[in-house]
Amino acid sequence: MAQVHLTIFIFSSIFVISSSSFIPPPHPFDPLTETELKLVRNIINKSYPIGHNHKFTFQYVGLNEPEKSLVLSWHSSPDRNVKPPPRQAFVIARDKGMSREIVIDFSTRAIVSNKIHVGNGNPMLTIDEQQAATAVVQKYKPFCDSIIKRGLNLSEVVVTSSTMGWFGETKTKRFIRTIPFYLNGSVNTYLRPIEGMTIIVNLDQMKVTGFKDRFTGPMPKANGREYRISKLKPPFGPSLRSAVVFQPDGPGFKIDGHVVRWANWEFHMSFDVRAGLVISLASIFDMDMNRYRQVLYKGHLSEMFVPYMDPNDDWYFISYLDCGEFGCGQTAVSLEPYTDCPPNAAFMDGIFPGQDGTPTKISNVMCIFEKYAGDIMWRHTEAEVPGLKITEVRPDVSLVARMVTTVGNYDYIIEYEFKPSGSIKMGVGLTGVLEVKPVEYVHTSEIKEDDIYGTIVADNTVGVNHDHFVTFRLDLDIDGTENSFVRTELVTKRTPKSVNTPRKSYWTTKRNTAKTEADARVKLGLRAEELVVVNPTKKTKHGNEVGYRLLPGPASSPLLVQDDYPQIRAAFTNYNVWITPYNKSEVWASGLYADRSQGDDTLAVWSQRDREIENKDIVMWYTVGFHHVPCQEDFPTMPTMFGGFELRPTNFFEQNPVLKAKPFNLTTIPKCTTKNE
């Protein structure tokens, strides 16, 4: 009888936590509830009429960052019996063509701060105004005439929005470009672009202010672009066996509101319309000290820079700052149980206001689950003891918090993985659909140009070269807020002639503690060094400073020249690692106003002050980079490409923190079969 082994892991039932159901007093980092968002709208509506006939729109609404000292005082108090910090909302709105910043206090139910933004750049685009802009284009007569002139069916045309960037203009208006695509037998929208049109929409006036048609070559065909399993035809494959996920005692983690407790970890997870998934107040329990110790005060996506490498008119402006322009929370999607997240996952909803301030919910926008991947936590076989052979192995398990944000054609998987050993892994997965351009070629032998700026991935279709730079903001509090950044260089030494050895060389370490921000800017790969955030006021019993080490993934750095306009706006990618002193206003690496920004309010600009960072409350910024030269395997959808980094305890514990972890049982069961099978 043929048998299939199904691995039993964990599960009781899928359950969902709705952020609108929590009862005050909330955790200081809880996302704004539906009730609070309605209150924000009502309070603002008393001062600024809101509605279809008024030019007042909500571009961003989120929790106004409470004072860190108050949060830590509340968090460290026994049973959280200290009054939590004042709860406030931060609002960016458009008001008659201006960007207005408003702070609302919930205890007084009043506006406590109100000012007009006077610098460069615009706030995040809303979904509503992007949809309105594309609707305007689809009714614009010159556009419709161009579509008909091409012999295309207007009803099969889809128009998408694209930011315009900045290319040296002294003043910029709130314009976007729109890009048309043709369906006509395909639902893979982004693989059939209609090129040769420049269509500019003024968002404040909601009208087309620029249109030009330069009719260009053939359109990619619709065939070969299907990706829905229900529409694909046999043969199917490769064949994968099913797995059963079962946990009779329920999941190993507990969720109290937005606070997650699992194994030796405790942390808070929430949702922000710009950042998406936010992890706060992550602490790990130290068995030797019998208490929780701080690791991460707050960590989240800060920005994603995605420049494309075609300098021609249809492409040069595509240099997205995804979080700042489109909102990585606003574009987050509902996760599919059993596929986006395994059956042992718990889910949380996300709530944010629409353009008119009305709350909108994304169901199942975040998930959390225990991950059993067959990895080994630690092991050792001892065969040198006479008469004994000892083998000790511990299977590994970790806890993963995940979200997916779909920004146009790309789906980004963002996850934080907590390990019992004390490590936190931050991961970024890239999948979705290529952004392509039509060409007359179907084979490389036909190419006439010096550069097609990409790869032929299908008939008449080039996948355009591009980059992804994903920047995380990590406010590390390693066993407290007084931290330093240590760069330990691995230096090759010649063996002294005075040493009686055949060895000619060895390496040793040279420790450098960064004094100011300039000392802490790191381009990975230039030299062998270890990067550690330490607490110089806390030491192990052997005298080592407690710390957490950065373990980078494969590093990529920008290849654009530094005076290129997209790179000026994204100068925060010039280094893989930055360290800055904590400043609650320095949250977004591209600046608070990223759309059409000019690079004058970015992480790179803040860091030019070269502030002191030794033995201070410091923040680490880390950029995960990808250079993407498309290939045929990326068509019609892309297998996930994964990158990331790890924060790993280094002299944080007195010994291996999982030494005494007991093995857990994993088992398999045979497949039930009939006699005739």
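Quick reminder: no glycine exception, Cβ is built from N, Cα and C everywhere.
The active site, proton acceptor feature in Swiss-Prot is assigned to Asp322; the stated evidence is similarity to another entry. The annotation active site, schiff-base intermediate with substrate is assigned in Swiss-Prot to Tyr410 on the grounds of similarity to another entry. If you look up Swiss-Prot, you'll see 320-331, 407-412 marked as substrate binding site, on the strength of similarity to another entry. Swiss-Prot lists His466, His468, His628 with the feature Cu cation binding site, giving similarity to another entry as the kind of evidence. Residues or ranges marked as Mn(2+) binding site by Swiss-Prot: Asp477, Asp617, Ile618. According to Swiss-Prot, the feature disulfide bond maps to Cys341-Cys367, an assignment based on similarity to another entry. Per Swiss-Prot, 2',4',5'-topaquinone is recorded for Tyr410, and the stated evidence type is similarity to another entry.
Note: the Mn(2+) site is recorded as Asp477, Asp617, Ile618; in the same chain, Tyr297, Asp475, Leu476, Ile478, Thr481, Glu482, Asn483, Tyr582, Lys616, Val619 also have Cβ atoms within 8 Å of that site's Cβ centroid. Each of the recorded positions Asp322, Asp477, Asp617 was scored by how many other Cβ atoms lie within 10 Å of its Cβ, and the smallest score goes to Asp617. Taking CA atoms as the reference points, Gly329 (substrate binding site) and Asp617 (Mn(2+) binding site) are 27 Å apart.
Nearest neighbour of Cys341 (disulfide bond) by Cα distance, taken over the binding-site residues His466, His468, Asp477: His468. Annotated pair His468 (Cu cation binding site) and Asp617 (Mn(2+) binding site), C-alpha to C-alpha distance, rounded: 29 Å.
When the C-alpha distances from Asp617 (Mn(2+) binding site) to the recorded positions Tyr320, Asp322, Cys367, Val407, Tyr410 are tabulated, the minimum falls on Asp322. Of all Cβ atoms in the shown protein chains, 27 besides its own fall within 10 Å of the Cβ of Ile618 (Mn(2+) binding site).
In this structure the alpha carbons, written CA, of Tyr410 (active site, schiff-base intermediate with substrate) and Cys367 (disulfide bond) are 20 Å apart.
Here the Cα atom of Cys367 (disulfide bond) is found 19 Å from that of Val407 (substrate binding site). Here Asp477 (Mn(2+) binding site) is compared against the recorded positions Asp322, Phe326, His466, His628, and the shortest C-alpha distance is to Asp322. Spatially, by CA atoms, the recorded positions Asp322, His466, Ile618, His628 include one closest to Val407 (substrate binding site), and that is Asp322.
Shown are the recorded positions Cys323, Cys341, Cys367, Val407; the one with the most C-beta atoms within 10 angstroms of its own C-beta is Cys323. Counting other CB atoms no more than 10 Å from each candidate's CB, the binding-site residues Tyr320, His628 peak at Tyr320. Scoring each of the recorded positions (Phe326, Tyr410) by how many neighbouring Cβ atoms lie within 10 Å, the top position goes to Phe326.
Taking a C-beta cut-off of under 8 Å and a sequence gap of six or more, His466 (Cu cation binding site) has these contacts in its own chain: Val306, Pro307, Tyr308, Met309, Glu435, His628. One way to see the shell of the Cu cation site is to take the Cβ centroid of His466, His468, His628; the remaining same-chain residues with a Cβ within 8 Å of it are Val306, Tyr308, Leu430, Asn465, Asp467, Phe626, His627.
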